[in-house]
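Input: a single structure, listed below in C-alpha cells.
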Amino acid sequence: QAGPNDLQTKADRLVQMSICASLARKFPKVTIIGEEELPTDDVTEDLIEDGHCEEILKKPCPAQYTGIKEEELVIWVDPLDGTKEYTEGLLDHVTVLIGIAYGGKAIAGVINQPYYNYEAGANAVLGRTIWGVLGMGAFGFQLTEAPAGKHIIVTTRSHSSALVNECIIALNPDHVIRVGGAGNKIIQLIEGKASAYVFASPGCKKWDTCAPEAILHAVGGKITDICGNSFQYNKEVKHMNSAGVLATLRNYDYYASRIPNTVKESLVP
C-alpha cells in the first residue's frame, strides 16, 4: 500500500532528476542544490530536457549579469513545492521552483504551476510558467496589487503553530488565507490576492524561497526573514530559513513594524 509519502517521494525524485540532470548537462560548472539527495549520473534520456525558449533568449541580458561565469552561479531546486497538498489533491497549490543565485543573492527564478487551470474544464490550457530576472522584470502572469487598505495575510496551511498564529494576530488582518507551498504564496502576492506572506516558523528552506524571491524582487516586492534579514544563497549557506518568512509586493515596512519582538526573539536566524 503506497502512502502519501511514497507518492511524494516518487514525484519529487523524478522531477528533480529531470531538472538537475538537464541543467548539469547544459551547464556543467554551476552548483545545483536540490531538495532531494539524489545521484545525477544514472538518469535515463527520457528525463533530459535539452530545448530552450526562443522568446526568453530574445530578451537582452541585464548589463550587471553579462560578465557572470557559469561556476559563479548556484541553482536552488524544489522539484515539488506543496507536497502535502499534492498528495491531498489540492493541485493548484503545487509548484516547481528553480532559483538562480549569484554572489549569494537570488537574481532569477522560475515558478512552474503544472496544474494551473486544472479545474477550468476540458478546453483550458493546463499549467503555466512564471519567471523573472532582476533588472528585466517578471513574466507569465498579470501583476496585480492587493486591494488598498486591506490587510490580507497568506500563511501556511499545514505547518501552523502557536507562534505562527501569535504573529498573524498581532498584524490584525482583515482576512487570512492558508495555502500550501512557498511558490504558491508568492503568486498570491503578485496576483493581488494577498498583501503579505507571513510565516513565523523555521520550516522553510532556501530552495523554497530562492526562485520566488527573484520574481518578487523583479517586480519591486520584498522578502526577508521575520527579523528583517535578507536571505543568502551562496552554496555554503545552511539550507534552513530558521527565522521564517515575511514577504510583500508593497508596504513591506507596515508589516515589518508590526511583528512582535516576542516573535522575533523566538526565531533565531
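Here the Cβ of each residue, glycine as well, is placed from N, Cα and C on the backbone.
Where the annotation comes from TrEMBL, it is an automatic prediction and has not been curated.
In TrEMBL this protein carries:
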BINDING   Glu35, Asp78, Leu80, Asp81, Asp208  Mg(2+) binding site
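Sequence-ordered, the extra residues of this chain that approach the Mg(2+) site, with Cβ no more than 8 Å from the Cβ center of Glu35, Asp78, Leu80, Asp81, Asp208, are Asp12, Val77, Pro79, Gly82, Thr83, Thr95, Val96, Leu97, Gly181, Ala182, Gly183, Lys205, Trp207. In sequence order, Asp12, Gln16, Val77, Asp78, Pro79, Lys205, Trp207 are the residues near Glu35 (Mg(2+) binding site), counting only same-chain partners six or more apart with C-beta under 8 A.
The Cβ of Asp208 (Mg(2+) binding site) lies under 8 Å from the Cβ of Asp78, Asp81, Leu97, Ala182, Gly183, Asn241, each of these being in the same chain and 6 or more residues away along the sequence. The number of other CB atoms found within 10 A of the CB of Asp81 (Mg(2+) binding site), across every protein chain shown, is 27.
The binding-site residues listed here are Asp78, Leu80; among them, Asp78 has the most other Cβ atoms within 10 Å of its own Cβ.
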